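Trainee: From Swiss-Prot, here are the annotated features:
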BINDING   THR13, PHE14, HIS21, GLY93, LEU94, ARG95, GLU103, THR128, GLN129, PHE130, ILE131, SER132, SER133, SER134  ATP binding site
BINDING   THR13, LYS45, LEU78, ARG92  substrate binding site
SITE      HIS21  site 'Transition state stabilizer'
Amino acid sequence: MNINNRIGIYPGTFDPITFGHIDIIKRACKLVDRLIIGVAENINKHTTFDAKLRTSMAENEIKRLEIDVDVVSFNGLLVKFAKEQNASVIIRGLRAVSDFDYEFQMSWVNYKLLPEIETIFLPASEDTQFISSSFVKEIARLGESVSKFVSVGVQKELINLNRIGSE
């Protein structure tokens, strides 16, 4: 791996993508030469939006930010996807201590599977540390504004989802 072309993967379900995710993406771009947003098609995790729509929402956010980041959906082991993308770094965001426990375990497993791929943890910024996709979906489901947590485009998808769900 050429150190002058460091590729990083920022994986997640992005169900939906929030300002917390965007914060990590912007900061991760400073650490790598090329960042790939890996939208996971996790069969063990029930998602509200399908992978195609989650990928589309992430792509729209990247276009809005005018940053050079690739968005790719993947399925299966994260380290396998990272290797396929020639990545040397996996970037994970941490909101709280509870995130660290899980993420630390996953980084250890990933290291055992592919030691040449490192994991970097980025703590959430103070103003995004309590944003979670689950909270955003619940607030939207209850009919409240989520404009402080997600973009207008994501808000529209949540409104559409809740409109369909109430029919």
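A Cβ is built for glycine as well, from the same backbone N, Cα and C atoms used for every other residue.
Remember, predicted model here, so these are calculated numbers, not experimental data.
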Trainee: At its widest, how many Å does the recorded ATP site span between Cα atoms of THR13, PHE14, HIS21, GLY93, LEU94, ARG95, GLU103, THR128, GLN129, PHE130, ILE131, SER132, SER133, SER134?
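Mentor: Between the outermost Cα atoms of THR13, PHE14, HIS21, GLY93, LEU94, ARG95, GLU103, THR128, GLN129, PHE130, ILE131, SER132, SER133, SER134, the distance is 18 Å.
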Trainee: Are there any residues in the same chain, six or more apart in sequence, whose C-beta is under 8 angstroms from the C-beta of ARG92 (substrate binding site), and if so which?
Mentor: TYR10, PRO11, GLU103, MET106, SER107, THR119, ILE120, PHE121, LEU122
Trainee: Report the same-chain neighbours of LYS45 (substrate binding site): residues 6+ apart in sequence with Cβ closer than 8 Å to its Cβ, ordered by sequence.
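Mentor: The answer is THR13.
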Trainee: Out of THR13, GLN129, SER133, which has the highest number of nearby Cβ atoms, where nearby means within 10 Å of its Cβ, if these are the binding-site residues?
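Mentor: It comes out as SER133.
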Trainee: Give me the count of other Cβ atoms within 10 A of the Cβ belonging to LEU94 (ATP binding site).
Mentor: 17
Trainee: Excluding near sequence neighbours, so keeping only residues 6 or more apart in the same chain, what lies with its CB under 8 A of LEU78 (substrate binding site)?
Mentor: ILE9, PRO11, GLY38, ALA40, ILE90, ASN110
